[in-house]
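What follows is a set of notes on a single structure, which appears directly below.
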Amino acid sequence: MKQVQTKRDWKKLAYDVVEEKVITKEDAIAILEADDTEILEIMNAAYIIRHHHFGKKVKLNMIINTKSGLCPEDCGYCSQSIISEAPIDKYAWLTQEKIVEGAHEAIRRKAGTYCIVASGRRPTDKEVNHVIGAVKEIRETTDLKICCCLGFLNEDQAGRLAEAGVHRYNHNLNTHANNYESICSTHTYDDRVDTVQKAKQAGISPCSGAIFGMGETIEERAEIAFELQRIDADSIPCNFLVAVKGTPLEGQKELTPVECLKVLAMMRFVNPTKEIRISGGREINLRSVQPIGLFAANSIFVGDYLTTAGQEPTADWGMIEDLGFEIEECAL
């Protein structure tokens, strides 16, 4: 006779997390390996944790791509890399005026955080000064929180960004350390961890996450969440691979919507007090179950991503309202 596997009590696990009991890697793997029919129970349990720490608030973030393409790195997932043949817009730095204009567009989209992103391995000091000039004007004229994502930083650059008023610095780990060489050869996993630590040491809130669906195992997927816990990332963007034509990963099978939901739930269980953001690939990978993702996550991007389109801001606002949730404006 076939043995019936005992179902996990996901609610009990959630209340254990709320009571600050330690979740194990085995617990995280169990979430990822659970039968798809359990997904609503898992998301309901994740919501217990999410609601305890964040209530019904949803934080909106907006990206501006201030420098597109022209990157010397060979990241296999990225349409902006030197080896990509994807047909994207390529341009050098936007003017400070354009960057500041983008901040006011972020406000119109009800975003509380404005993310200034530039392609490339690392910024020059001149480029950092260019960003700082825009940041200072934005700080003087808005209440937005500012996040930067400019590549690898040295200690001096991190310090100057902090002094200028940058609240958060994004530098994703992208994938598990064991999987890193399969997606990039021009820098290492440790290089990425180093920049996250430099930003934190400078007094900037660290933002770091991953792109799921790049060939990592279930166990590695869980270990990524614990690694983000270890480096104490305050904000964790969960991206889901969009297999862009013209990139080395164009043939990679994308995750199913339920697999994406399990990742979001697992991330909430492992990092209960952190901002969990549904990021790149949200519309393409989660599709019609996007709203369910917000029962684990408490943050999304509004508008377009770096080189892929997002849905209209009104659709995001409507989704949040339909759930009975509320937009958290201008709060980090």
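Cβ coordinates are placed from backbone N, Cα and C, and glycine is handled just like the others.
Marked as [4Fe-4S] cluster binding site by Swiss-Prot: CYS71, CYS75, CYS78. In sequence order, CYS78, GLN80, SER81, ILE82, SER119, GLY120, ARG121 make up the list of same-chain residues 6 or more apart from CYS71 ([4Fe-4S] cluster binding site) whose Cβ falls under 8 Å from its Cβ.
CYS207 ([2Fe-2S] cluster binding site) falls within a strand when secondary structure is assigned with DSSP. Look at Swiss-Prot and you will find CYS115, CYS147, CYS207, ARG277 tagged as [2Fe-2S] cluster binding site.
What Swiss-Prot lists as domain 'Radical SAM core' is 53-282, and the listing cites sequence analysis. Mean predicted confidence for the domain 'Radical SAM core' (53-282): the pLDDT average there is 94.
A C-beta separation below 8 Å, combined with a sequence spacing of at least six in one chain, links CYS115 ([2Fe-2S] cluster binding site) to ASN61, MET62, ILE63, ILE64, ILE146, CYS147, CYS148, CYS149, ASN170, PHE301. The separation of CYS75 ([4Fe-4S] cluster binding site) from ARG277 ([2Fe-2S] cluster binding site), Cα to Cα, is 22 Å. A simple way to gauge crowding: the CB of CYS147 ([2Fe-2S] cluster binding site) has 23 other CB atoms within 10 angstroms, across all the protein chains here. For CYS207 ([2Fe-2S] cluster binding site), the number of other Cβ atoms no farther than 10 Å from its own Cβ, over all displayed protein chains, is 27.
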